[in-house]
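What TrEMBL says about this protein:
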- 28-52: transmembrane segment (TRANSMEM)
- 45-294: domain 'G-protein coupled receptors family 1 profile' (DOMAIN)
- 64-86: transmembrane segment (TRANSMEM)
- 106-124: transmembrane segment (TRANSMEM)
- 144-163: transmembrane segment (TRANSMEM)
- 202-229: transmembrane segment (TRANSMEM)
- 241-264: transmembrane segment (TRANSMEM)
- 276-296: transmembrane segment (TRANSMEM)
Amino acid sequence: MDNSTSMANHTGQMYFILVGFFLQSKHPAILCAVIFVIFLMALSGNSILILLIHSTAHLHTPMYFFISQLSLMDVMYISVTVPKMLMDQVMGMNKISAPECGMQMFLYLTLGGSEFFLLAAMAYDHYVAICHPLHYSILMNHKVCLLLVSGCWFLGSVDGFMLTPVTMTFPFCRSREIHHFFCEAPVVMKLSCSDTSLYETLMYICCVLMILIPVTVISSSYSFILLTIHRMNSAEGRKKAFTTCSSHMTIVILFYGAAVYTYMLPSSYHTPEKDMVVSVFYTILTPVLNPLIYSLRNKDVTVALRKMLNGEDVFQKTVK
């Protein structure tokens, strides 16, 4: 029995080697510095956005509540993968134990799944705001918003609880090198020496449902929104509606596009290099783009940010 098989029988002692993309870079130190700067931008941008939404009275609306949840997910999402990757590069280490790998996999699956459904909830919020403005305060009251967000977190955790235990209980008796910068389920599964075809089918069906349901909600919402915008007489109203929806659709296309490639395209389309590049989009770039897209193109947020930078009092309670 070789060493890999022996370690597979004792998963508590087993570890994997994260190859990552630093080893393939001609200038790993520069790449590490760039990713560190992007990481800090994502943390600071999303944290400031959460702070502004929480502390500014006129931002206490369902739309900004969902944006604050999106920022919270992005802070957690990028923190699951990037710090480990940067520390490994600085310390000259690239090992990750099986429990750590499983925890990382569970967290990114949960957060990714939650974000899928949250983007759908945000599309529904836009639909109600634009198509049913007179009933908006009733249809999107605080209780409904809490239920929607709780449902998003719950459905995301279901994804994590379904896929992580099954992936990590496969026997890993091949090379322990993960050609990725974190423990992504499809990549880890390739290391198994057993037949994973049934599990791959299950994963495919699960991911199709995780993507298809939110996409259906988003597509339906924006179909009605476009019809409503077309009927608007006010040019300013049309412009405001387009601005709000285009910001959201930019994030949807980036996030869902990367997910479709990773989990729904056949393995013949995949290479380790392509997989890492696509993963960079939704694990590193999307979290840093979200606060930029929702702040630079949003007058309410820019006004609140300007007040905070000027030292004005934005830490005020909502008057009821």
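A Cβ is built for glycine as well, from the same backbone N, Cα and C atoms used for every other residue.
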Non-local residues, at least 6 beyond the ends, that sit with Cβ under 8 Å of the transmembrane segment (144-163): 62, 65-66, 69, 105-107, 109-118, 121, 124, 185, 203, 206, 210
Residues from the same chain, set at least six apart from the ends of the transmembrane segment (202-229), whose C-beta lies under 8 A from its own: 113, 116-117, 119-120, 123-124, 126-127, 130-131, 155, 159, 162-163, 166, 185-186, 189, 238, 241-242, 245, 249, 252, 256, 259-260, 263-264
Intrachain neighbours beyond the transmembrane segment (64-86), with Cβ under 8 angstroms and 6 or more residues off its ends: 18, 20, 22, 32, 35-36, 39, 42-43, 46-47, 49-50, 53-54, 96, 104, 107-108, 111-112, 114-115, 118-119, 121-122, 125, 145, 148-149, 152, 181-182, 251, 283-284, 286-288, 290-291, 294, 300
Confidence summary (mean pLDDT) of the domain 'G-protein coupled receptors family 1 profile' (45-294): 86
Distal contacts, the transmembrane segment (28-52) - CB-CB under 8 A, six or more residues away: 21-22, 59, 67-68, 71-72, 74-75, 78-79, 82-83, 85-86, 89-90, 284-285, 287-288, 290-292, 294-295, 301, 304-305, 308, 314
